[in-house]
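Contents: one structure, followed by commentary.
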Amino acid sequence: MKSVAINGYGTIGKRVADAVAAQDDMKIIGVSKTRPNYEARTAVEEKGYDLYIGIPEKEQLFKDAGIEIAGTVENMIQEADVVVDCTPGSIGPQNLEMYKKAGIKAIYQGGEDHELTGLSFNAISNYDDSYGADYTRVVSCNTTGLTRTLYTIDKIADIKKARAVMVRRGSDPSEVKKGPINSIVPNPPTVPSHHGPDVKTVMNRIDVTTMALLVPTTLMHQHNIMVEINNNVETEDIVEALEKRSRVLVIDASEGLGSTAELMEYAKELGRNRNDLYEIPVWRESINVVENELFYMQAVHQESDVIPENIDAIRAILEIESDKEKSIAKTNKSMGIL
Ligand SMILES: NC(=O)C1=CN([C@@H]2O[C@H](COP(=O)(O)OP(=O)(O)OC[C@H]3O[C@@H](n4cnc5c(N)ncnc54)[C@H](O)[C@@H]3O)[C@@H](O)[C@H]2O)C=CC1
Ligand SMILES: O=C(OP(=O)(O)O)[C@H](O)COP(=O)(O)O
């Protein structure tokens, strides 16, 4: 069975670790932390993962905290077939040197630039491109959300161009030092934001331009999308296509799901690990075709939508499964994805 190392055990890394542990065709070698905090302790004591340290000089801090470590990140990657790098954006380039030296394949996250790997990944739009590759990058949470719905719509409507206004959460729920707490911040203040160009790294044929702002919420991102289409399709056709696509949920505001807060409550109702909502919810009421234009609104649970994509990226890069639909179905089943 192929083995996976997780470098960086924060918001994304701990979720990828649990998702890998839920698969029957891959196993975890270990996870890494730089600080002996509660996540490090739970990784070892509750989850039973072997813990490796990202900064060897900090070994004594882990010893003082009574947290057992199995070695350094360099030791960890010697044992694995692939490393999923979940360190904060921009640490990637220095890690790539280490991965190259160890001769290990690597999967990065959306905080890194596409240029780092020259290859980016979304399961439904370009799984095959990363098949057998040495390095790839799972695109960011927002880019993943845009790609899932635009890819689906393009298949039936032939998109001429897409424009989106992205309302981004100010920080993740545990990030007490980030904001804003009382402001709306154009972010970036320049247009386009990185999301449009980023979609093109996994779905080259679509013309997508985006602008983004930050708001004082931690729960989810929200997208407002306008699409010019070439084909003559009706609103119902779009609804049907989105309903059929896995990892996308057409939800009804009228059923009490009219906000990101209620969507997060819905994830709790579903009994999800960490209350995660891996699917992209699209509000049924917002889907509207007017002549050659389609409008819709969706949300993105930033902490979790990329997790199943990482599992599929592991299957692609390690050549565990050549059929993207089979990989997607297997991942979905193991994680209870609708
Ligand atoms: N949080 C989010 O909403 C999303 C984040 N991403 C991307 O995922 C990546 C990781 O982000 P998060 O999980 O949010 O970050 P995080 O800050 O929650 O976790 C990063 C982890 O890496 C560890 N770390 C820091 N420096 C390290 C080093 N030099 N070597 C090894 N480990 C180190 C930290 O201790 C921490 O455990 C970034 O590229 C980010 O842009 C992608 C989608 C959504
Ligand atoms: O990938 C994300 O957002 P993005 O697609 O807007 O860059 C994640 O929500 C992380 O964003 P952050 O860079 O604000 O931590």
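Each residue, glycine too, has its Cβ placed from N, Cα and C.
Any TrEMBL annotation is an automated prediction that lacks curation.
According to TrEMBL, the protein carries these features:
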type     : residues                               : note
ACT_SITE : Cys141                                 : active site, nucleophile
BINDING  : Thr11, Ile12, Gly111, Arg169, Gln302   : NAD(+) binding site
BINDING  : Ser140, Cys141, Asn142, His195, Gly196 : D-glyceraldehyde 3-phosphate binding site
DOMAIN   : 2-141                                  : domain 'Glyceraldehyde 3-phosphate dehydrogenase NAD(P) binding'
REGION   : 170-197                                : region 'Disordered'
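Recorded residues Thr11 (NAD(+) binding site) and Ser140 (D-glyceraldehyde 3-phosphate binding site) have their alpha carbons 13 Å apart, per Cα-Cα distance. Using a 10 Å Cα-Cα cut-off from the residue listed as 'active site, nucleophile', the binding-site residues that qualify among Arg169, Gly196, Gln302 are Gln302. Taking H, G and I as helix, E and B as strand and the rest as coil, DSSP gives the region 'Disordered' (170-197) the counts 3 helix, 2 strand, 23 coil.
Closest in space to His195 (D-glyceraldehyde 3-phosphate binding site), of the binding-site residues given as Gly111, Arg169, Gln302, is Gly111, taking the CA atom of each residue. Counting residues 6+ beyond its ends, the region 'Disordered' (170-197) has Cβ neighbours under 8 Å at 11, 140, 142-143, 146, 164, 208-219, 302-303 in the same chain. Sequence-distant neighbours of Arg169 (NAD(+) binding site): residues of the same chain at least 6 apart with a C-beta under 8 Å from its C-beta are Leu214, Val215, Thr217, Thr218, Leu219, Met220, His221, Gln302. In this structure, none of the binding-site residues from Asn142, Arg169, His195, Gly196 has a C-beta falling under 6 Å of any atom of ligand 1.
Only Asn142 of the binding-site residues listed as Thr11, Ile12, Asn142, Gly196 bring a Cβ under 6 Å of any atom of ligand 2; the order follows the sequence.
Close to Gly111 (NAD(+) binding site), meaning Cα to Cα within 10 A, are the following binding-site residues out of Ser140, Asn142, Gly196: Ser140.
Separating the Cα atoms of Ile12 (NAD(+) binding site) and Asn142 (D-glyceraldehyde 3-phosphate binding site) is a whole-number distance of 14 Å. Per-site Cβ counts within 10 Å over the binding-site residues Gly111, Gly196 peak at Gly196. Same-chain neighbours of the NAD(+) site beyond Thr11, Ile12, Gly111, Arg169, Gln302, judged by a C-beta within 8 angstroms of the site's C-beta center, are, in sequence order, Ser140, Cys141, Asp172, Glu303, Val306.
Cβ atoms within 8 Å of the centroid of the Cβ atoms of Ser140, Cys141, Asn142, His195, Gly196 (the D-glyceraldehyde 3-phosphate site) belong to the same-chain residues Gly110, Val139, Thr143, Thr144, Gly145, Leu146, Met166, Ser193, His194, Asp198, Val199, Thr210, Ala212, site residues excluded.
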